[in-house]
Amino acid sequence: MRPNNRENNQPRQIKITRNYTKHAEGSVLVEFGDTKVLCTATVEDAVPRFLKGQGQGWVTAEYGMLPRSTHSRMQREAAKGKQGGRTMEIQRLIARSLRAMVDLKALGERAITLDCDVIQADGGTRTASITGAAVALCDAINGLIENGTLKTNPIKGLVSAISVGIVDGQAVCDLEYVEDSAAETDMNVVMMEDGRMIEVQGTAEGEPFSHEELLTLLDLAKQGCNQIFIAQREALGL
């Protein structure tokens, strides 16, 4: 039996709270069960040097975990003087995922940075970050439309993400920490609302997985992402 008696295809309870902080152009507290991430969007009228004069914008992301977001305290990466490889990998994943939902030409020469700060971790922090940051990004862009900065909406569609895996021989979606740490196969899937996939990250931690198991996991991920899209749309009032 899974934690909280969930079915194998059942994500954790998803809660998305918009306008969580007052200064950022977009701010969201996203909760996947006991995993909680604060996602904020910052708009700047400048682009990275490699994009200057090209008439297009940029979307990037940063990711971090608070010291006591986990069972025992982690040292802040700022105190270490450098980011870890896991952090850099995750924030690049978040940024790639969010750029897929935006027409960068229509955004114009401005940059939007999504900061994803994990308040409490219980598995799936990167997928929760993508899900919450997508809503914060929508809010930031809606603000640009409302104040007349943008004439057309550059959002091409929502993006969501979920973890799937094989635990005790069973394919399951949205793994909690106790499941993730025991998974024979662990996979993260990022999808557009139209069903196209942005990223699939899968690893066999023990026995290799079969082609049939891969297809089963992808189907579970699609089901889970579709439920997340519903939560995102409800949060945005769409």
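Residue positions begin at 1 at the first shown residue.
Just so it is clear, glycine is given a Cβ too, placed from its N, Cα and C backbone atoms.
Listed in Swiss-Prot for this protein:
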BINDING   Arg86, Gly124, Thr125, Arg126  phosphate binding site
Among Arg86, Gly124, Arg126, the one of these binding-site residues whose Cβ has the fewest neighbouring Cβ atoms within 10 Å: Arg86
Diameter of the phosphate binding set by C-alpha atoms, the set being Arg86, Gly124, Thr125, Arg126, in angstrom: 13
Cβ contacts of Thr125 (phosphate binding site) (under 8 Å, same chain, 6 or more positions away): Thr35, Val37, Met65, Ile90, Val118
Cβ-centroid neighbours of phosphate site Arg86, Gly124, Thr125, Arg126, 8 Å, sequence order: Tyr63, Ile90, Val118, Ala121, Gly123, Thr127, Ala128, Ser129, Asn188
